[in-house]
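Colleague: Swiss-Prot feature annotations, pasted as is:
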type	residues	note
BINDING	Gly169, Gly171, Lys172, Thr173	ATP binding site
REGION	1-91	region 'Domain I, interacts with DnaA modulators'
REGION	91-122	region 'Domain II'
REGION	123-342	region 'Domain III, AAA+ region'
REGION	343-460	region 'Domain IV, binds dsDNA'
Amino acid sequence: MNLTSPKVSTMFFDQIITVTDHNVTWEKIQNCLYNLYGEATYNSWLSSLKFVSSRNGEVLLSVSTRFIKEWITVHYMKKILSLWQSEDKSIRSIDIQVIEERNSNFNVILKNREESNHNLGSPLDPRFTFDNFVVGKPNELAFTAAKRVAESIDPILGSNPLFLYGGVGLGKTHLMHAIAWHIVNSPSAKRKVVYLSAEKFMYQYITALRSKDIMLFKEQFRSVDVLMVDDVQFISGKDSTQEEFFHTFNALIDQNKQLVISADRSPSDLDGVEERIKSRLGWGLVADINETTFELRLGILQAKVEQMNMYVPKDVLEFLARNIKSNIRELEGALNKVTHTSLIGRSMTVESASETLIDLLRSNHRSVTIEEIQKKVAEFFNIKVADMQSNRRLRSLARPRQIAMYFAKKFTQKSLPDIGRNFGGRDHATVIHAVKQVENFIKTDSKFADEINRLKKMFK
């Protein structure tokens, strides 16, 4: 009997060699991606990619979630394909499939994503709606912009992000909550809204890093339809939080999602915040909320009294509106104190209100001297106090001098001639001209108006 060697197919061995070759290629590409994008980006997005197979010029990779797949496809796929083709010219395309890691902690959490997203943000205050926001000239632009964003299903061109800024207690948070309430209760479209403070964003980011749930953090924040971050100035000087905020911002803008941000100052004045973030915060509509006027303060008090279903004499409301100028919170707090006097049997009069609020009124009427104004304005513009009295007409000196005159007229009881005498013996006509110049610039130059608002806070 002739014994012949059996035929052994080489196909199986060819497949082993092919898979091994492609694994080596994939390792090279991973090293290239690491060197190209750096450790942070690689670990955040690309390290989760796994090689599955290669057949007929098509490479198949896998990741654990659809979100990661979409992100890599949009931001890194061209580069991955280019790197692979430089190693193997037969490769025509790369596809990514989602293979859930069912036993991983990450996916257990994702099954409860709705609950997780619900806990992602901060609770909304039911008092803060558009209906009970009192509108006046100082907040008209911010209110209109906020309502347009809330009512629009898709981001409005030129209003993404919407950036609201103004001093403490002027209504920024009220508008933020109002936007969120309107969207949540809108029957036309169910959008996922997350509202939170910048401080909470930072602490959630730190928690995610410590618990190694950073991918969950990214997916949660980058899968919302509307992200609202209050008091963004809090991330000033916090480099790693700024880095994550920057990438979250970009991811949402790329997906055409709406952002609403608030701060106590304009984007350009956010000291300690990276320039690239400040630039992006100013991409859309920047709306400031100015200090309240007498009319607006009176309107707020009247609305509050109506809401409380109480009677407060008109002269008492006018007294409060005229004397409590700092912010809306203090104004409403003053009203609450005054109304409580009726609970102990005292009538609400201007006299009783004055007695009840004596400490608050004293702080709101702190006297400011012309010398103090000159010193603070000079420090702000980095000039000498002596330049305030000099006759030099350089623009770098004349403008600060005019601003100091404007504040002297606004914050002191001095007559125009008295003010002029404190500025190198100038006459009252020069003071009037200076005040008008400053008022005109405030109306026409937003950057100038910001400087005035920042200076104004120094005298309070």
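Even glycines carry a Cβ here, placed using N, Cα and C.
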Colleague: Under 8 Å Cβ to Cβ from Gly169 (ATP binding site), same chain, six or more residues apart: give me those in sequence order, or none if nothing qualifies.
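Modeller: Set apart from Gly169 (ATP binding site) by at least 6 residues yet with Cβ under 8 Å, we have Ser326, Asn327, Ile328, Arg329, Glu330.
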Colleague: What three-state secondary structure does DSSP assign to Gly169 (ATP binding site)?
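Modeller: Its secondary structure by DSSP: coil.
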Colleague: Looking only at Cβ atoms, how many others are within 10 Å of the one on Thr173 (ATP binding site)?
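Modeller: Excluding its own Cβ, Thr173 (ATP binding site) sees 19 Cβ atoms within 10 Å.
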Colleague: Can you count helix, strand and coil residues in the region 'Domain IV, binds dsDNA' (343-460) using DSSP?
Modeller: 84 helix, 0 strand, 34 coil
Colleague: Relative to the Cβ position of Gly171 (ATP binding site), how many further Cβ atoms are located within 10 Å?
Modeller: 27
Colleague: Quick one: give me the count of other CB atoms within 10 A of the CB of Lys172 (ATP binding site).
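Modeller: Taking all protein chains shown, Lys172 (ATP binding site) has 25 Cβ neighbours within 10 Å.
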Colleague: Using an 8 Å cut-off from the Cβ centroid of Gly169, Gly171, Lys172, Thr173, can you name the remaining same-chain residues around the ATP site, in sequence order?
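Modeller: Surrounding the site, in chain order, are Gly166, Val168, Leu170, His174, Leu175, Ser262, Ile289, Ile328, Arg329.
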